[in-house]
Amino acid sequence: MEKVLILLLVALAVAYAVPDPRGIIINLDEGELCLNSAQCTSKCCHREDGLSLARCAPKASENSECSAFTLYGIYYKCPCERGLTCNVDKTIVGSITNTNFGVCLDLGRATE
């Protein structure tokens, strides 16, 4: 039993010693398969349609199509980059079917 415990501790020490920021389950790069936006470094797990595999994608830039926050964690259109707002008419049906799409706008610049 002591040998198993020592082997386990050595394995954990080696695993923590490797300074690899890339993740297997979290901190996924763009293009890698994901199950939820929380896994991606960009915080956008995107799929083309209901039958495609979801992959990490960059957030939407200004004047690009976007989605408001979704409960599912997977987007058909990625949310906006930091500092931009997704100008969308939110509906209950759109929230359920994940079809609340809009356009990313910089509201600070739009009011000037």
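Heads up, the Cβ atoms here are built off N, Cα and C, so glycines get one too.
Note: Swiss-Prot links Cys80 through a disulfide bond to Cys104 (candidates: Cys78, Cys104). Among the candidates Cys34, Cys40, Cys44, the disulfide partner that Swiss-Prot records for Cys78 is Cys44. If you take the CA of Cys34 (disulfide bond) and look 10 A around it, the disulfide-bonded residues you hit from Cys56, Cys66, Cys86 are Cys56.
Of the candidate disulfide-bonded residues, Cys56, Cys78, Cys80, Cys104, the one lying closest to Cys45 (disulfide bond) when CA atoms are compared is Cys56.
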